[in-house]
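Peer 1: Before I ask anything, let me first share the structure, which is written out below as structure tokens.
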Amino acid sequence: IGGNVATVATSSPGVAAVAAVPPGKGEARGDCGVGPSSGREPREVGSPCAARSLAVSSPSGKITHSGDVSAVVVEDQPDVSAVLSAYNQQGDPTLYEEYYSGLKHFIECSLDCHRAELSQLFYPLFVHMYLELVYNQHESEAKSFFERFHGDQECYYQDDLRVLSSLTKKEHMKGNETMLDFRTSKFVLRISRDSYQLLKRHLQEKQNNQIWNIVQEHLYIDIFDGMPRSKQQIDAMVGSLAGEAKREANKAKVFFGLLKEPEFDVPLDDEDEEGENEEGKPKKKKPKKDNVGSKSKKQDPNAPPQNRIPLPELKDSDKLDKVMNMKEAARRVRLGPECLPSICFYTFLNAYQGLTAVDITDDSSMIVGGFADSTVRVWSVTPKKLRSVKTAADLSLIDKESDDVLERIMDEKTASELKILYGHSGPVYGTSFSPDRNYLLSCSEDGTVRLWSLQTFTCLVGYKGHNYPVWDTQFSPYGYYFVSGGHDRVARLWATDHYQPLRIFAGHLADVTCTRFHPNSNYIATGSADRTIRLWDVLNGNCVRIFTGHKGPIHSLAFSPNGRFLATGATDGRVLLWDIGHGLMVGELKGHTDTIYALRFSRDGEILASGSMDNTVRLWDAVKAFEDLETDDFTTATGHINLPENSQDLLLGTYMTKSTPVVHLHFTRRNLLLAAGAYSSQ
């Protein structure tokens, strides 16, 4: 179910929108909303409607947030023609090059302070003018326009331009997803008021209606008061399919604090003080500050209310696990620039089946690999073998009152180091162990997510909802809930006991490539091939953050253990760091030369480890990266971020493998770093 863009064809009755329109937003949308109304007459520059759709401050000119634009599926789509009809003949085709070069000349001759901001117009105008020429079947003019100006665009738009160059006829535009996205989502530019006035004056003096119409129809100009931004500041934030995020998109309050753990008494053999010190941390990753003892007793001021979303009750086995956790934590190594972790690398040799996904249990006792031959393979990493539960007949003979009943139900005859799980009918792209180690999730190209029992090593449920490949899945740190994201551009939230999704998170303009739960389980981060990262609220399904800045599809996400920060890695080889509370980019780590597939913070958050296709693991100083951040209100309001060029100071070490791309990273409870990947012989 890829829904539809609710506003594109208001007349077609059979189109359902996945993302519900919040009350009160509907009026604004029809007026100058996300999609154009079909067959609109070119309007005069001075007309009141023209002025209104650009004045960002006027109430009816607000364009609803892009969370409302859900994925567009090309089949059975009645409204493609409505989307495209906005390109109805609007100007003399022979003058397009003149219009564009005139604007180009004007921007290049403007003052330095405005030039950087106005240069953002080049790319969206170039695309829309080209598409307008193609749509109106001026093929030769379109070709010469493309050839003349495509070299001027920023290098990070190369991939999009390649797709664009293949659209040379009107028929090509009908089924092209990239095209439709560009048409239906307004391209967002953030420009200071001074630069905007300059542009408006120029276009009105020149009577350049063609460009002015495109600016109104297809661009959303987010105007801010204050200094124009520098080229460097703009470059840091742009690069996604739909331009930057609107400032409104990152204004909502996010409860990024950690939940208070239930307190229970633990017999702590001799290690009272240390154990006590670790009380009350989420299962997945436990930050340890100096005042941890006191912190766990008090509610974190930034934490969501304990019952904001229903979480599963702790079972006795979970409590035992927590006790083990605390004991381990007491022996944990404190990492830092002077004390780097040892790294243990699990290399999958002879993995001719094609390793596509890896996960390691929280207590580091099992490792799972998803393979391109549709199998899921589980290994025991400890001397303890993997065993299945006995058959029903044998189980009935067991004395249920005996102390070692849990041991007795396991069948020794089935003990082995490796179990292979069959069931998928396509490559397995994501795997995730449940926190209690009873279940395993896998998602595949076949469009399903499967839940496997690690007691019987059989498939319990196949969750069907995605119609296309599912690229990633992950269990919540509290179990029970899990998230999946796929080629249908939607992320779905599921609960293990429901066969239909509880929430559908729609808004990305391309595949959802990776998904991650926040440590408090109230939020989900998704990374996408549209080069943005979104943070979603599990409670109501709203998109509460949109982060732009990567220049390629996102392939890895990691939350810091204290829940305040997010690290993201992409095909551009950069790791970007984000402050969730303020919705700001706060750092950029350069060094990798290829896609980053793995990111993980150490258990106390002092070190960030990144693993890449360039066959290296790099360690970064996370404490230093996040200290004394500039998060004053001005920066938050305008996006004047100044990223320090300090990647080299933050890089603590680079570790090469012989020829193994790094697919997964995991810190054990004692801060030993485990890495995994398949040896590639080329």
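Glycine is no exception: its Cβ is also placed from the backbone N, Cα and C atoms.
Copying in the features that TrEMBL gives for the protein in this structure:
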{"type": "COMPBIAS", "residues": "266-277", "note": "compositional bias 'Acidic residues'"}
{"type": "COMPBIAS", "residues": "289-300", "note": "compositional bias 'Basic and acidic residues'"}
{"type": "DOMAIN", "residues": "91-219", "note": "domain 'TFIID subunit TAF5 NTD2'"}
{"type": "REGION", "residues": "26-46", "note": "region 'Disordered'"}
{"type": "REGION", "residues": "266-318", "note": "region 'Disordered'"}
{"type": "REPEAT", "residues": "348-389", "note": "repeat 'WD'"}
{"type": "REPEAT", "residues": "421-456", "note": "repeat 'WD'"}
{"type": "REPEAT", "residues": "463-494", "note": "repeat 'WD'"}
{"type": "REPEAT", "residues": "505-546", "note": "repeat 'WD'"}
{"type": "REPEAT", "residues": "547-580", "note": "repeat 'WD'"}
{"type": "REPEAT", "residues": "589-621", "note": "repeat 'WD'"}
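Help me understand the surroundings of these features in the structure.
Peer 2: Under DSSP, the residues of the domain 'TFIID subunit TAF5 NTD2' (91-219) split into helix, strand and coil as follows: 102 helix, 7 strand, 20 coil.
With a cut-off of 8 Å between Cβ atoms, the residues of this chain six or more beyond the repeat 'WD' (348-389) that come close are 283-284, 321, 324-325, 328, 395, 409-412, 414-433, 435, 437, 440, 442, 444, 446, 452, 454-457, 663-664, 666, 668-669, 672, 674, 676-679.
Across the residues of the repeat 'WD' (421-456), the predicted structure has a mean pLDDT of 95.
Counting only same-chain residues 6+ beyond the ends of the repeat 'WD' (463-494), those with a CB under 8 A from a CB of the stretch are 1-2, 18, 70-71, 73, 282-285, 311-312, 426, 429-436, 439, 441-451, 500-506, 508-517, 519, 521, 524, 526, 528, 536, 538.
Residues 285-289, 329, 332, 334-337, 340-341, 343, 345, 552, 555-562, 567-571, 573-577, 647, 649-667, 669, 671, 673, 675, 677 of the same chain, all 6+ positions outside the repeat 'WD' (589-621), place their C-beta atoms under 8 angstroms from a C-beta of that stretch.
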Peer 1: Tally the residues of the repeat 'WD' (463-494) by DSSP class, grouping H, G and I as helix, E and B as strand, and everything else as coil.
Peer 2: 0 helix, 19 strand, 13 coil
